[in-house]
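> Sharing a structure below in structure tokens format, with a few things to ask.
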Protein chains: 2
Amino acid sequence: MSLEDRYLENEYYTQDEHGDYELYDLGDFELARGQTLRDAKLAYQTFGDLNDEKDNVILFPHMYSGTHRDMERFIGEDMAIDPTEYFVILPNQLGNGLSSSPHNTPPQDGGMGYFPEVMIEDDIRAQHELVTEEFGIDELQLVLGWSMGAQQTYEWIVRYPDMVKRAAPIAGTAKVTPHDQLFIEAHKEMIQSDPAWNDGFYTDPHAVLTGLRRHALIWSVMGLSTQFYHQSEQAWDQAGFQSVDDFMANFWEDWFLPMDPNNLLTMATKWQHGDVSRNTDGDLEAALGRVKAKVYVIPFEEDMFFPVRDCEYEQAMIPDSELRPIPSLWGHFTMFGVFDEDLEVIDEHIGELLNESV
Amino acid sequence: MSLEDRYLENEYYTQDEHGDYELYDLGDFELARGQTLRDAKLAYQTFGDLNDEKDNVILFPHMYSGTHRDMERFIGEDMAIDPTEYFVILPNQLGNGLSSSPHNTPPQDGGMGYFPEVMIEDDIRAQHELVTEEFGIDELQLVLGWSMGAQQTYEWIVRYPDMVKRAAPIAGTAKVTPHDQLFIEAHKEMIQSDPAWNDGFYTDPHAVLTGLRRHALIWSVMGLSTQFYHQSEQAWDQAGFQSVDDFMANFWEDWFLPMDPNNLLTMATKWQHGDVSRNTDGDLEAALGRVKAKVYVIPFEEDMFFPVRDCEYEQAMIPDSELRPIPSLWGHFTMFGVFDEDLEVIDEHIGELLNESV
């Protein structure tokens with residue numbers, strides 16, 4: 001079962017493209033901002049088997065513009081997240097195109113340009129329902145995620161501190177920074193500036209090509225490090241690209257152009273408002289102070305969205321935590337995994353965290 | 001005499017706004033890319049008096065979106081650039097709105113959307129003509145500039161190595177980086193995405209408001225440091241702003257919205273192609289190796305356009321040079337001079353450089 005035929009057909013959001021996944025029925029789901037997502041579905045994929053004690057669970061939400069598929073490369077029998085040992089749940093974000101999203105919800109049911117604003121905590125409440133109601137799980141060995149996955153990880157450990165034993169927020173923050181808010185505003189503008197966007201009511205899934213191309217351009221500016229571009233010939237060659245133009249067309253545009261603009265905007269708005277301190281009346285220190293998990297805060301050096309020091313600022317507020325910065329030329333996109341050695345280093349950190357006795 | 005009434009009237013580009021300045025007649029000026037700027041004018045302002053030996057000259061070109069006016073705050077009797085001692089020439093960039101520019105050139109004469117692409121070396125050739133032909137000067141004690149002013153400084157010391165005794169390229173590079181090229185592409189898109197831009201043929205000087213507002217937004221993302229926004233309350237308060245919204249409206253939009261979009265695009269294209277190695281068949285090391293001036297390369301820490309290491313990479317190729325990074329929360333906009341202490345530190349470096357015997 002999937003939502004792929006429910007409204008605007010887009011070949012990107014299909015099981016052909018993303019592999020099998022399941023849908024959990026959230027019913028009429030009330031959102032943090034008061035609106036209701038009717039007949040809401042949470043898409044997810046699992047790896048491995050839930051043991052009888054139900055104590056071998058890892059939850060691994062994904063980043064902006066991603067799906068469960070993008071996290072699969074971190075799961076393997078020779079990796080820290082070993083599916084013969086763990087039961088791994090990969091939830092899809094609300095609005096990501098596989099879960100309930102603008103493009104798969106008809107306008108008359110609140111889709112497309114009518115789709116409500118979703119907050120990070122809505123995803124976490126939906127995932128909590130999946131974990132507890134569908135699987136009867138009350139303990140997570142590890143919650144981890146990259147970028148918006150880190151935002152979700154933080155929300156998990158602040159909202160449900162007794163459920164999570166270990167956590168690894170990677171290249172993301174518990175509270176969005178003003179700088180990131182401006183960046184996200186700029187990249188939303190990139191899409192919305194295209195007249196074809198039409199306030200979210202287009203009928204051709206690929207009508208907003210110019211807006212998506214502009215959106216890819218601004219990602220190319222902030223997504224990687226200046227150092228990556230500085231060492232460009234060497235770094236591109238290693239990544240399989242010939243030039244800036246080739247890199248723009250065959251990396252950034254290749255990634256974003258198949259996607260649905262309203263879906264991206266829904267995720268962007270969520271990112272823009274990510275803030276665990278809504279759990280504690282705006283007191284970030286109080287929010288992070290109640291975390292019980294063992295936490296590795298893992299920023300990437302050269303990350304222009306989430307500089308190491310912004311992550312360190314929050315890490316210092318988390319009782320049982322360590323800062324573990326990873327050097328990489330790719331900046332924020334280190335976790336995209338273009339370089340095998342980056343994946344290996346990330347895997348090592350995850351392995352060490354899983355071996356922490358808590 | 002000024003060009004302010006020559007085509008599109010825009011109250012921003014007037015002597016009321018910018019104070020008096022002079023116009024040097026370049027005649028029909030052939031540009032690096034082969035086009036001709038007919039009846040071209042170079043606007044400039046001077047401070048102090050040229051001595052009889054004509055050996056007390058400082059040349060101080062300006063940054064993107066600037067005019068001579070923006071450099072005036074670095075000139076004063078109690079400052080390193082003392083007009084009782086030096087003859088200071090502040091040239092205006094071609095395309096900046098006071099010199100020959102898209103908005104002040106009628107379309108039938110090659111203005112507005114027809115305005116040709118201008119390169120940094122065109123400015124430097126024009127300034128060289130002003131300096132040598134108009135004033136009979138053959139030696140400059142100091143050439144300095146910030147950002148695009150640094151690009152012009154580099155072009156001066158590579159193109160006319162025997163004329164310049166000291167140079168201070170501040171927060172800029174001799175060769176544009178691929179990362180900056182992408183950023184500039186993004187901010188050009190911000191303007192050009194506005195249908196009112198109309199390929200450069202608008203008739204109302206403020207028609208392209210939405211494009212300019214988007215352009216201000218992307219500047220707010222890259223122009224300052226993440227750390228500035230992180231310490232936002234304190235830093236804003238010191239700068240006289242209340243919030244992100246207030247800062248956007250009353251700093252960035254206040255700065256850019258009065259300007260002419262074609263003028264900004266002309267300067268942006270120039271920036272995007274800045275490269276002194278065109279003097280040496282693409283060999284940057286050869287270009288910088290021929291510099292004879294004593295050079296202080298002055299990057300700003302936290303600068304997202306011109307990281308210290310990008311500047312250091314070039315500094316290492318300049319024979320008689322020093323790297324002198326300046327710490328500041330404002331990142332690239334340190335030289336905008338919102339904080340007095342930043343201005344003082346910059347002034348100290350300039351003073352030390354002027355005291356170097358060469």
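Cβ from N, Cα, C; glycine included.
Grabbed the feature section from TrEMBL, which reads as follows:
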DOMAIN    B:57-211  domain 'AB hydrolase-1'
ACT_SITE  B:SER147  active site, nucleophile
ACT_SITE  B:ASP303  active site
ACT_SITE  B:HIS332  active site
> Relative to the Cβ of B:HIS332 (active site), which residues of the same chain, six or more apart in sequence, are found under 8 Å away?
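Within the chain, B:HIS332 (active site) has Cβ neighbours under 8 Å at B:SER147, B:ALA171, B:MET222, B:GLY223, B:LEU224, B:PHE300, B:ASP303, B:MET304, B:PHE305, B:PHE306.
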> Please average pLDDT over the domain 'AB hydrolase-1' (B:57-211) for the predicted structure.
96
> Give the number of CB atoms, excluding that of B:ASP303 (active site) itself, located within 10 Å of its CB.
27
> Inside 10 Å of the Cβ of the residue listed as 'active site, nucleophile', count up the other Cβ atoms and send me the figure.
26
